[in-house]
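**Student:** Dumping the structure here so I can ask a few things about it.
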Amino acid sequence: MSKILEIRDLKAAAKRRVPKMFFDYADSGAWTEGTYRANEEDFRNIKLRQRVLVDMTNRSLESTMIGQKVSMPVALSPTGLTGMQHADGEMLAAKAAEEFGVPFTLSTMSICSIEDVASVTTKPFWFQLYVMRDREFVKNLIDRAKAAKCSALVLTLDLQILGQRHKDLRNGLSAPPKFTPKHIWQMATRPLWCLQMLQTKRRSFGNIVGHAKNVSDLSSLSSWTAEQFDPQLSWENVAEIKEMWGGPLILKGILDVEDAKMAARTGADAIIVSNHGGRQLDGAPSSISMLPKIVDAVGDQIEVHLDGGIRSGQDVLKAIALGAKGTYIGRPFLYGLGAGGKAGVTTALEIIHKELDITMALCGKRDIRDINRDVIAQ
Ligand SMILES: Cc1cc2nc3c(=O)[nH]c(=O)nc-3n(C[C@H](O)[C@H](O)[C@H](O)COP(=O)(O)O)c2cc1C
């Protein structure tokens with residue numbers, strides 16, 4: 001990992017190590033990928049104020065997200081199929097996050113199960129919920145997250161219908177992979193990935209297979225998923241989930257001021273301004289462009305977080321300056337995982353931490369909790 005200096009290096013390394021269909025799964029957005037690109041581009045267009053001759057000693061990046069201490073305000077996003085970027089991926093990423101002192105969020109659509117991740121961590125992690133039509137299964141997932149002592153539930157609101165990602169369709173993505181000549185070739189050219197994958201038994205959706213009704217094997221899983229995401233999810237359902245869970249609740253996928261106002265009224269602990277990393281509604285604005293408007297509308301009522309397009313510590317600082325209390329990284333940690341397993345995730349976090357620290361100092365600030373719009377160049 002010696003030549004890895006920025007997240008882009010981890011991405012290039014992951015591309016060399018992970019079979020194409022799974023690398024592409026991470027590096028894809030819906031349709032034209034315009035929103036995916038805008039998430040990153042709009043960060044680049046925000047400029048910072050350079051300040052000089054201010055004391056830069058004793059800097060601190062420590063903060064809180066929903067009242068929980070974090071070593072920097074950056075959590076790991078929930079991402080599906082993470083155990084396909086690297087064998088046992090969710091367990092490795094959770095351990096890296098725990099050691100770094102930042103939250104790890106396990107996706108409903110993970111390869112490693114809630115219990116797998118709980119078995120290798122000592123501190124609580126967060127669990128992301130997709131609401132399925134089978135409410136018994138949802139209740140069961142929530143109970144499992146409670147039993148694992150998860151310290152927040154992240155309820156995703158923007159994926160009741162799947163956005164179309166051309167790369168996945170062209171690649172014939174599935175977990176576990178199919179054994180057509182194309183897929184065999186993609187894996188054969190990534191021998192280390194294959195070797196590690198052969199050493200784990202976790203190659204399917206760990207939270208679902210064996211837990212949901214009539215899903216005991218993989219052949220029934222894809223049809224189950226297509227049928228199960230509930231397209232009628234409503235604000236009333238959010239209240240029901242909140243009640244069922246009874247702990248800290250984060251609503252993920254808010255990109256509109258009106259929705260943010262509705263979300264604030266639910267009594268949830270935080271919202272995540274997010275367009276699912278540009279994977280759902282292509283043509284939607286970038287997350288960072290919507291952040292100031294949403295913070296102005298509801299920032300005094302609910303904690304506002306942001307994800308989408310963060311590729312450096314500078315981006316984290318910009319999001320915090322524009323009012324986010326916390327941020328999340330999806331692809332940056334997936335690239336780290338694909339590039340080097342747990343060590344790669346740690347490297348991703350170290351890169352972002354260092355960039356955030358230096359940027360904050362050069363903006364003339366010493367404490368991340370004091371950052372506000374003042375550091376943005378007008
Ligand atoms: C490969 C991949 C899988 C994802 N799977 C999920 C998921 O299962 N649940 C969810 O709420 N969000 C999911 N997301 C969205 C992320 O949680 C997050 O919103 C997004 O990755 C943030 O953008 P970034 O990748 O630019 O950091 C996924 C994103 C990626 C890249």
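Each Cβ is built from the backbone N, Cα and C atoms, and glycine gets one as well.
Unlike curated records, TrEMBL annotations are generated automatically.
Sharing the features that TrEMBL gives for it:
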ACT_SITE  H276  active site, proton acceptor
BINDING   Y25, R165, H276, R279  glyoxylate binding site
BINDING   78-80, S107, Q128, Y130, T156, K252, S274, 307-311, 330-331  FMN binding site
DOMAIN    1-378  domain 'FMN hydroxy acid dehydrogenase'
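Just tell me what is around each of these and how deep it sits.
**Tutor:** Residue density at H276 (active site, proton acceptor): 26 other Cβ atoms are found within 10 A of its Cβ, drawing on all protein chains shown.
Within 10 Å of the C-beta of R279 (glyoxylate binding site) we count 23 further C-beta atoms, all protein chains included.
G80 (FMN binding site) carries neither a helix nor a strand DSSP state and counts as coil.
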**Student:** Measuring Cβ to any atom of ligand 1 with a strict under-6 Å cutoff, which of the binding-site residues P78, R165, G330 qualify?
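**Tutor:** Among P78, R165, G330, near ligand 1: P78, G330.
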**Student:** Would you pick out, from the binding-site residues P78, G80, G330, the residue whose Cβ has the largest number of other Cβ atoms within 10 Å?
**Tutor:** P78
**Student:** Helix, strand or coil by DSSP: which one applies to Q128 (FMN binding site)?
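**Tutor:** DSSP assigns Q128 (FMN binding site) to strand.
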**Student:** Would you mind reading off the Cα separation of T156 (FMN binding site) from Y25 (glyoxylate binding site), to the nearest angstrom?
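**Tutor:** Between the alpha carbons of T156 (FMN binding site) and Y25 (glyoxylate binding site) there are 19 Å.
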